[in-house]
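Trainee: For reference, the structure I am asking about is given below.
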Amino acid sequence: MANDNQAKLSIRDLKVEFRAKGRNTVALDGVHLDVKDGEFVSVVGPSGCGKSTLLKVVTGLLQPASGGAFIDGQPIDGVPDRVGMVFQNDALLPWKTVVQNVRLPLAIKGLPDKEQRREAERLLKLVGLEGFASFYPKQLSGGMRKRVALARTFAYDPDIYLMDEPFGPLDAQTRVKIGEEFLRMWESVGKSVLFITHDIEEAIALSDRVIVMSPRPGRIKAEFPIQLARPRPFYDIRFDPVFKELQKEIWAQMSDGASGGVH
Amino acid sequence: MAEASKRRARSTSFRGREYSKASVWLGRLAVFVLLTGLWELLSGRAFNSFWLSKPSLIADRIVQMLGDGDLWYHMSATLQEAVVGLAIGMVGGTLLGIGLAFSGIFERWIYPFMMALYSLPRVSLAPLFIVWFGIGQSSKILMVVAMVIFVAFYNAFEGMRNIDKDLMDMMSTYKAKWTHKLRWVVLPSITVWILTSVRLNIGMALIGSVIAELVGSNRGLGYYITYSSNMLDTTGIFTGLVLIMLIAVALEQLVLLLERLLLRYR
């Protein structure tokens, strides 16, 4: 699926520092990462390893101390075009209805009203929420809110999807269901994804490549290409022997990190 | 069993209990009847009604004032000053709060002075405003503005600091312009805070207008109260107070209505 000769997103020698109470903490150090066009890359690692920080740099919301990120070879300066972020906590506007939330990126782009409505309705149907257009986020369950957030990002139609533990707050059952739906939706658009998670199974089931990060300061510790055929059954793939083997290896890498980095 | 546990869960949650509308209003009516009834009964029996007047006397006075047009003459003046001053103070204070929250280091320079001004007993400015603007309505409106602007400022400022950062980041990733952010995130976020400050400020606005009227005026409920006091007419004083209360209750209900309209999503 991935186009081999061109990196959509490349991160070079990235170093990010936080200054708190007069002390510098290094969150990320020497991170080197490419995401090809149409490639699905997951980053797993223990909490506090700077996974989310990595995304903040790519969205242009955070300035790195050195190194940088490039999209199509262009350095990221400010919020780049065509990058869509899915937040861990949905980031829906509580005072807007479901359909207005989905329309938001289209309204910002300045599309005509009718087109906004048509596209929002199409996407709500795609995520199975066509009857809930006039509901407020508060009236929905966590899984439904997540669907709205996904529909909104799909409405924006970015070239790169950045996802920060998007299924984190969901219960196990909903998580599998939404993951499956998202995988199906993603397979139909085939855009690049940088996916942050701490769930190894989720990472393997979704990705073309899984990256393991070490605890703070976050460094890339290992990389695993996932050679499982697509389209994949999001849940049943877990019983594949290749999957099991990968899961074991990645887990070994991750738990090893607890006793100090590899570098 | 499920029913029982549901009931228990409901009754233990803090302020989470639902009461029927009828029981709330009947209870309020009972409290009102009890208090005014006690006042009516004790006045003239337990103490001389000259000092505390009597609900029936106050009601008579209101009817009489309605008849000769005094009621509207004084009430409208106070109401106008309070509402105009409240509007100016709310808009000014809120804009100041939003502006200052966006102003970077400027905020750090200004904020302590705002708090210093806030701590002034502003009612003592009334004589100054009357020297500046005379005994007409402008000095009263200025007094009301001075009373309400700080709460408006402070609430807007705190509201700005409490805006969900994820929502702002989300808007940024969609390349929203600041006008979009203002309309979609900032204003809706601080609406709760603004409504709270309007409610707190209704009382402040009435205090401001009445105090300024007490200090120097020829019209308004404050004027009516001082006038009655000079005549040793306690019924007149209490009538003035009751009318101020009525204005406050009416304005508060208006704001509650607005709140229900604007915060439907909750």
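Positions of Cβ are set from backbone N, Cα and C atoms, glycine also.
Feature annotation from TrEMBL assigns domain 'ABC transmembrane type-1' to B:75-256. Here TrEMBL flags B:21-42, B:82-102, B:109-135, B:141-163, B:184-215, B:235-258 as transmembrane segment.
Set these features in their place in the structure for me.
Mentor: Proximity of distant same-chain residues to the transmembrane segment (B:21-42), defined by a Cβ-Cβ separation under 8 Å and at least 6 residues beyond the stretch ends, is recorded for 52, 54-56.
When Cβ-Cβ distances below 8 Å are used as the criterion, the transmembrane segment (B:235-258) is approached by residues 52-54, 57-58, 61-62, 65, 71, 74-75, 78-79, 82-83, 195, 198-199, 202-203, 206, 210, 221-222, 224-225, 227-229 of the same chain, each at least six residues removed from its ends.
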Trainee: Using a Cβ-Cβ cut-off of under 8 Å, list the residues of the same chain that are 6+ residues beyond the ends of the transmembrane segment (B:109-135) and lie near it.
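Mentor: Here the qualifying positions are 100, 103, 142-143, 146-147, 150, 153-154, 207-208, 211-212, 214-218.
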